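S.K.: Let me begin by handing over the structure; questions about it come next.
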Amino acid sequence: MKCLIVSLGILFICHLVHSYEGTITEELLIKPLYSEQVYTHFQFSTKWDIDPDKETFRHSPLFPRPLGEIVQRFDIQELHVTLTSGLWRYEKWGYPVKDAATGVEVLAWFKPGSDVDKNWKLLANSLSGLLCASLNFIDNTNTIKPEFSFRPRGILESNLLNNSYVRYANLPHEIVCTENLTPWKKLLPCDSRTGLASLLNSGHIHNTRYHSIGLHLRPVCRDKSCESMSLELQQTVSLVYDYLILGTKNWSLRKLFGQGINRKCVLVSKSDVYVDTTNQDIELEPPPDETVTSVRGGQVTTLQKYIVSNQFLNIYAKFQNADLVSLNLPPPLHANQYLSGYGQERGGIVTKIYNNHWKQIDVVLMQNIPWFIPIYLHTLKVTADGRDIKPIQLRYIPARQRERPTYLEVLLTVPARTATSVVIDFDYVFLKWQEYPPDANFGFHIGSAVISSYLPVARNYTAVPWDGSLISDSFNASRSGYLVEVRTENLIITLPTPDFSMPYNVICLACTVVALAFGPLHNITTRKLILKSKRKVLLIERIKKFLFSLKKTKTE
Amino acid sequence: MSLKKLRIYNNLISTPRIIITCLSAIIVRYYLMMSKYQSVIANHVEVSTPLNSWKRVSEGLYLLSLNINPYEGDLLHETPLSLYLYKNILQVFQGKIHLAFITLDVTTAVVLYFTTKKFTEDLFVEEEENKATYAKDAEECFLKPDKLFKSSYYVLLTYLFNPYILFSCVGYSTTVFYNLYLSVMLFSMVHGIPVLCGVFLAIAASVSFYPVVLVLPITMYFKYAIKSHTKIIVNLTSFVVTSLLIFVLCSNFGTDFSYIRSVYGCILTIPDLQPNVGLFWYFFTEMFEHFRELFIYAFQINTTILYLIPVSLKFRKHPFLLTVAVNFIITIFKSYPSVGDVGFVLSLMPSFSHLFPFSQQGFLVGTMLVISTSLAPILYYLWIYCNSANANFYFGVTLSFAVAQIFLLTDLLFSQVKRDYMLKYGKDRKIDGEEGILCLE
């Protein structure tokens, strides 16, 4: 009997797997960074061969049903969510596979004809439940509709490319932790027991310099001919381990993640691990299954490929010459952001864009500045090498108190081999006392600026091209330009605070002053000036008088 | 006294003297504007409020030049017409904004000078006519022509060298424009030009809303001082027509009403809580959310119509004083006052020099004004830049500044009441053969 149930179960699972049309892949890229860190990037792709426009998501084998429901209910064309802790240091680390700003970033394209504003709010609330993050704080006060900075990564009819269907918000103060990773892992087809996902142990992940988890949902072409669509979900985890925290430069999977890879996930059609050994003198143990050399945009990369099988795999890397320090050329484009000025009255936001390339680069700077930092557009100054640069294009929607943030997009040409600074002045706003958070003097966050550009060279570039889905698609993928979306630091600004302890006193004192005007004015206008005796009649005299008058009446 | 003799008295101050005064005022302003103190002064919250700061006007003009609606954001609180005016003034003065401000400020001073000149003349003539009805021993409080006719020059002096006005002009606050509107309104009121008066009242009201209530005092003026009913009607008509015209022009012929929210919405609901010399900012910072509306209503009624009718009835015989007093109430209690507004009212005080002997709190008010004005920037600096003081310190200073102004206003009005009593009953204050005291009952 037992045997029968088991075999029936197996049959059912086989049927499930069989009825699922699409591919599931998982990849891990390990890249020792030039400086003191090692970068690991997991990418779990679930490609489902259905038409996202027609599918009802009632029955969703392997594809996470909660996400399917979100797509269907809120008319989502494309969705990108990242939860990040720590800052990606472009200058030292190059470009990551997926850019993400510190905190939470949500970017969504909606299908034309849907009630975008309503769906956006509902989407934020659903994601908040799905990822256990405070995404419900996303509303009109921190959402913008960028025009230049973001382009759909999936396929889209070009006439629908309109910024009225796109929404972008970031929550820079959101703290990312285990409670976000656990629900994220539940969306994986094999959960976290087998395959590469078994490496994701909270204890080791949150021990990193930088970690970012992401969900990227987009419609893609089903095949080369692109006659029908598929829905693709990419789940990514990026981690940067510090050698100082690891205690040694010689890393291994066990050292990084606490364990090796146990077994291959049965549902996965491709499960690979790539170790980037470009210009690194690393000895890998066990030896790789294959060595891949990729030439991309003039950059040669050597990668060692491991195919995950059902055998236990623990990759151990040993640096041959531990004292050897490889020098790093900074990437062609990176940026910083900081505050200028002192005091709590007037300040400036400075964004420095560094162009290390030998040619000028066109970039788009996008800023989403909260409403409590009103900026003066006429003070916008773009300078490089002491020369003023005129922005090519400018998009600006000013903030409105308690309603919407400032949206600013500047299209400019950054001259070669210089740091271009974009400065804009702002005022510190005085809020109502109940609008301050409990720790009012901690300050308020300003989200990171996004600097997007098509780079002519692929130096330090690892991202997957838009027409590919896998890390392996980025090998030998030379294109005319390489899209980067550089994120800057978040800023913290301390707004001037009132005294929270004395609302009653203030109300009383101000009303007293009003009363000081009301009393005399009331007297002057309603009463008559008369002459009165200066002498005051004492009480005793009055009694005496009264007694005398009594006496008199008696004698009479 | 014959009218001719009166004119001679009234022209005691020679024209060259006025010109020299104006010139020296121009030099002082120019010097300050060219110095490094210009930006320091312009950045002070006492001088530049959200409603009148030039930085916000520049932002508005810049956004206009980029074809972005400046009322989309929160920064600009000027009417579209004012913005158009500033744009043209900048063109006329070829971007030399300081020259524009100096010109306007000195014009205001001269207009005020002629206003007071006419007012004192009227005052004197009126008293000469009514002398028969006054008490016999009230002679010592009669107007003294030599003193009285100097007051117009004092008005000019106080306006030009009043630090409040000086800072407001040097700091490029648009209160300079507002003061010009008010001064032309007063000028045409005193000279009995109802059309001009109505027009400038409408302009002033369109800029800052509160002057709407000045309609009543001005009507009182045309009724009791000029004694002409047609002029009342003409004045009211011109006010209404100009207001409508301004509304039509501002709203771009009824198509764009976004400015109303930015201008009048801001004045009436106080969304911007940046500190200023008034009472509203901290009060509404610390207000409990569910009482906010109630107190906004209470404070705005207090500023506009609460005192209007009683004061207008009581001082209907002194309509100029009434107008100044109502304007003073507005200045004290308006949502975004600046020192420029206070300076305007203060510089009109010398025209009531005949009331000074009756005032009691001159010293107190003077001390309070001086101390609070000098403490305000210090405590603001300590709060915002040094973090060693907090908002309460600055709030305390603004409270005492408001109290000083309130004392000055009530003292002035009370002086008028006492003078009226004196003229009617004489200086004898005996009751039943004993010394009595005057009191309100």
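Even glycines carry a Cβ here, placed using N, Cα and C.
What TrEMBL says about a protein is an automatic prediction, not a curated fact.
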S.K.: Looking at B:202-224, B:363-385, which one is transmembrane segment according to TrEMBL?
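M.R.: Spelled out, TrEMBL records transmembrane segment over residues B:363-385, not the other listed ranges.
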S.K.: Excluding the flanking five residues on each side, which residues at least 6 beyond the ends of the transmembrane segment (B:363-385) place their CB within less than 8 Å of a CB in that stretch?
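M.R.: Residues 44-46, 163-164, 275, 277, 339, 391, 393-394, 396-398, 400-401, 403-405, 407-408, 411 contact the transmembrane segment (B:363-385) from elsewhere in the chain.
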S.K.: Tell me if the transmembrane segment (B:153-173) touches the transmembrane segment (B:12-32). I count contact as 3 or more CB pairs below 8 A, with pairs 6 or more residues apart.
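M.R.: They do touch: at least three Cβ pairs between the two stretches lie under 8 Å.
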S.K.: Residue list, the transmembrane segment (B:320-336) vs rest of chain: Cβ under 8 Å, 6 or more residues beyond ends.
M.R.: 49-52, 119, 123, 182, 186, 189-190, 208, 210-211, 213-214, 216-218, 220-221, 225, 266-268, 270, 272, 276, 278-280, 299-300, 302-304, 307-308, 311-312, 342, 344-345, 348, 351-352, 402, 405-406, 408-409, 412-413, 416
S.K.: Sort out the residues at least 6 away from either end of the transmembrane segment (B:153-173), same chain, that have Cβ-Cβ distances under 8 Å to it, and list them.
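M.R.: Non-local partners: 13, 17-18, 21-22, 25, 28-29, 32-33, 37-38, 41-44, 46-49, 52-54, 97-98, 101-102, 105-106, 108-110, 112-113, 115-116, 179, 338-340, 342-344, 346-351, 353, 373.
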